[in-house]
Amino acid sequence: MRQYLDLCQRIVDEGVWLENQRTGKRCLTVINADLTYNAAANEFPIITTRKSYWKAAIAEFLGYIRGYDNAADFRKLGAKTWDANANENQAWLNNPVRKGVDDMGRVYGVQGRAWRKPNGETVDQLRKIVDDLSRGIDDRGEILTFLNPGEFDLGCLRPCMYSHTFSLLGDTLYLTSYQRSCDVPLGLNFNQIQVFTFLALMAQITGKKPGQAYHKIVNAHIYEDQLDLMRDVQLKRRPFPSPRLEINPDIKTLEDLETWVTLDDFNVVGYECHEPIKYPFSV
């Protein structure tokens with residue numbers, strides 16, 4: 001929690017104002033942020049200086065694991081995070097490849113589970129990683145990437161957190177996640193939960209021990225209409241200790257994650273937080 005607040009304070013103190021063409025808003029911006037999450041000690045990196053809706057964050061990433069491309073499927077899991085980008089993004093609404101209401105296109109999990117090859121076949125990146133790690137194999141290329149520049153025009157949004165690299169040291173699994181852009185008041189709240197949970201889940205289904213998760217952000221920013229709430233409200237609050245994440249031990253395979261797992265299979269223990277803060281969201 002402290003490293004999150006330190007990043008927020010750094011943006012407030014050192015950030016440079018940049019115009020964002022997509023949203024039409026200014027962003028207070030810093031370049032390069034490195035966060036580390038201790039999955040080995042189960043120190044769940046959830047924000048405590050305001051209420052964090054952790055279930056939606058996990059539900060969203062579960063949708064990525066399943067390769068979903070429709071906002072309705074994410075809503076069924078418990079995440080409404082794709083409603084706006086699928087249905088209110090004017091550039092996407094005008095795109096002739098859009099299939100209709102709630103269609104997201106070839107974004108995130110679609111690339112992770114069905115990356116297109118020139119011959120028309122697809123690559124299941126996640127399946128390969130799970131199979132390798134389960135056999136104790138780390139070929140130094142256990143990489144799940146959602147970033148496919150050749151298909152940017154086939155989706156409603158370029159991936160922000162776009163790549164996840166798994167590494168094995170003995171029987172301990174590590175994760176390094178890369179993010180090109182981060183809305184720190186809103187997006188990082190979700191992203192840090194997702195990085196931690198992804199490592200914990202992958203360790204569980206491959207029979208490994210979770211180690212550290214390393215989260216690398218390039219462009220970290222606070223939108224101009226979020227700044228007052230961050231500087232004058234959230235940064236004035238004292239954080240609470242980190243809670244723990246409990247995952248149903250019956251989750252043992254990738255197929256489990258693809259089929260029957262729901263939010264009922266996750267629980268956060270010992271979570272204390274301050275009152276919610278409603279930050280504006282930029283589409």
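The backbone N, Cα and C atoms fix where each Cβ goes, and this holds for glycine too.
Keep in mind the model is a prediction, meaning the values are calculated, not measured.
As recorded in Swiss-Prot:
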type: ACT_SITE; residues: Cys160; note: active site, nucleophile
type: BINDING; residues: Arg22, Arg180, Ser181, Cys182, Asp183, Asn191, His221, Ile222, Tyr223; note: dUMP binding site
type: BINDING; residues: Asp183, Ser282; note: (6R)-5,10-methylene-5,6,7,8-tetrahydrofolate binding site
Alpha-carbon spacing, Asp183 (dUMP binding site) to Ser282 ((6R)-5,10-methylene-5,6,7,8-tetrahydrofolate binding site), which is rounded to whole Å: 9
Distant-in-sequence Cβ neighbours of the residue listed as 'active site, nucleophile', under 8 Å, six or more positions away: Gln179, Arg180, Ser181, Cys182, Gly187, Asn191
Among Arg22, His221, the most crowded of the binding-site residues [Cβ within 10 Å]: His221
Neighbour tally for Ser282 ((6R)-5,10-methylene-5,6,7,8-tetrahydrofolate binding site), based on other Cβ positions within 10 Å of its Cβ: 17
Site extent for dUMP (largest Cα pair distance over Arg22, Arg180, Ser181, Cys182, Asp183, Asn191, His221, Ile222, Tyr223, Å): 21
Other C-beta atoms that fall within 10 angstroms of the C-beta of Tyr223 (dUMP binding site): 21
Cα-proximity to Ser282 ((6R)-5,10-methylene-5,6,7,8-tetrahydrofolate binding site), 10 Å cut-off, over binding-site residues Arg22, His221, Tyr223: Arg22, Tyr223
Assigned conformation of Tyr223 (dUMP binding site) - DSSP reduced to three states: strand
Ser181 (dUMP binding site) CB neighbourhood, other CB atoms within 10 A: 18
Surrounding CB atoms that lie within 10 Å of the CB of Asp183 (dUMP binding site), all protein chains: 23
